[in-house]
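Some features that TrEMBL has for this protein:
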type	residues	note
DOMAIN	1-364	domain 'Nucleolar protein 10-like N-terminal'
DOMAIN	369-417	domain 'Nucleolar protein 10-like second'
DOMAIN	482-508	domain 'NUC153'
REGION	531-589	region 'Disordered'
COMPBIAS	553-584	compositional bias 'Basic and acidic residues'
COMPBIAS	634-643	compositional bias 'Polar residues'
REGION	634-688	region 'Disordered'
COMPBIAS	648-663	compositional bias 'Basic and acidic residues'
COMPBIAS	664-688	compositional bias 'Basic residues'
Amino acid sequence: MQVSSLNEVKIYSLSAGRSLPEWLSDRKKRALQKKDVDIRRRIELIQDFKMPTVSTKIKVSRDGQYIMAVGTYKPRVRCFDTYQLSQKFERCLDSEVVTFEILSDDYSKIVFLQCGRFVEFHSQHGHYYRTRIPKFGRDFSYHYPSCDLYFVGASSEVYRLNLEQGRFLNSLQTEASESNVCDINPVHFLFAMGTAEGRVECWDPRTRNRVGLLDCALSSVTADTEIDGLPSISALAFDGALNMAVGTSTGQVLLYDLRSSNPLIVKDHHYGLPIKSIQFQHQLDLIISADSRIIKMWNKDTGKIFTSMEPEHGINDVCLYPNSGMLMTANEAPKMNIYYIPVLGPAPKWCSFLDNLTEELEENPESTVYDDYKFVTRKDLENLGLAHLIGSTLLRAYMHGFFMDIRLYHKAKMMANPFAYEEYRREKIRQKIEETRAQRVQLKKLPKVNKELALKLIEEEGEEQQMTRKRKQKNLPSLLKDDRFKVMFENPDFQVDEQSEEFRLLNPLVSKISEKRKRKLKILEELEAIGEEEEEEPEGKASDVESSESSDDEKGWVEEVRKQRKLLRQEEKLKRRERSKEDQQTLLKPQFFEIKEGEEFRSFKDSAKKQKLMKKTLEDRLKLEEKLGTLNVSDTTVGSKQATFKLKKSEQQRKQQEAEKRHRQERKTLRRSANHLKSKRGRGRLFH
């Protein structure tokens, strides 16, 4: 539960905190509640009080037992039972709901105005009837004495549907091109509608004639308001028999007495957003007006702000629970917000425990987590030597780091670096001295880091200035004066390594150019050391000498690249020699290998051969296998090739096959000898 205070009015957000996903099982939810303190401390006033994506409208039935809300996506309506603190039912619809009205005391009779010009009626069991109106509707109201539904929308007509006869009646013809909202006074049943032209037309349902016209667009423009276009009417609500509040599309709320055409008070939200909802709070004589960004509560007599709320997500609708201090909002988010403001009234009967809870919180105020705490990351803890405290009560995990007591942090920092204050003091003194030096007449000094690069930029800047003077162009900003690249000339980590291979190959003429700049650097360093009052800029050579040198540089570019490559090769050879010397000096220790059971040790040459074979390409391996006879490649009748492989046999399998072969040959010889003896015996009997 989140508590906020404005103008000494405490607002308790009952829907704040983390919500558990629906696809989790009950067992996992209970386990998470045991582990996570935030989930255990949260208040879930009504179970699953949310929509899949966005909620657009929210209303309470007249008996106060049911809360109904519509939303997307998919278009649906959900009904929550306050006595059971859970969802009663959910019904999916064919199209999105513009607005809806609960006609009965409970949820048994509901009318939905949908965006596809459909009017859908629902009873207690579900869908009852569906019809269409001629034009797209934006709002409707129910006239109880005559059982008529009045529909306003993208038309100059107001359509009437009689629920007792079950048919459309003659529509009301208005002067407006379009109408946005409408409402019926609960006392004398005056029908009022707000138009796109910024007017409010009042009609008498008994005679079906217009009885009044208010020009709210003209009255909403005051000395303090700034508008871009014509204010249209976006919200309308009656209070009693004589008062009416009107909200405009430019963010003004006008309070009228029906006996006067001038507003009693004009309240501006100062956001320029259309007013979405207007509610009346009679106990404190407040008006609760809301646009998509803020909910304001202000006194209807003086216009003084009582309190305000700015939810995290955009507001679509606001509903004040009758005779209580509870406020519910439909938002551009799955979760619907519930606020409890004890000053407005007591908690409803079905959640009376909120009064005891808020009283205990007011009696025992707790300091927030951030008071006297320091936020540290995991790297900071390692630097302080406090990484072993992760998981203990001394650290509170938050986002990508932890909160720890500021006193413990200062003690650990003093122990880790006792001279930190001295370093900080020296750094501050150095900064103060540099600030005072900046006020003096400065010489052109080069930075401590990347001096040659800075000198190169200064030279290029001078050349560009000469070119721009000739061409009369604007000077481009210098890289040295740009704050984005200031660290490159201050931090030694950004020092250019001129001995690296990439730098030498990308800058082949760096040797000649660097010699010139080194001379200039020496001159500048000597001038800085001597501390001359007037600094003379290092003079270059004559123009003809420079032009000749530039031409020589262009001619010798290829030669310089070759020289750099030769130097790199020589350096690589020297490195290899040093590595070979180190390898010769190192003594190799004997390595022992374990042979598995059932295998015979031949030599290390077999493993070497296998490694050589693995390094060869697939083509070479296939040729070698063809020579050994383990591979046979042949052409098929279709035109493709067929390859057959013969697996190599182990020594044991080979011996076993040879033994089987010898055994078969012995058996064949024995059979032949036996057959030969039988044939001889048969012949001998015939001769006898």
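Each Cβ is built from the backbone N, Cα and C atoms, and glycine gets one as well.
If you average pLDDT over the domain 'Nucleolar protein 10-like second' (369-417) in this model, you get 82. Note: the domain 'Nucleolar protein 10-like second' (369-417) comprises 21 helix, 14 strand, 14 coil (DSSP; helix = H, G, I, strand = E, B). Residue counts for the domain 'NUC153' (482-508) under DSSP, split into helix (H, G, I), strand (E, B) and coil, are 15 helix, 0 strand, 12 coil.
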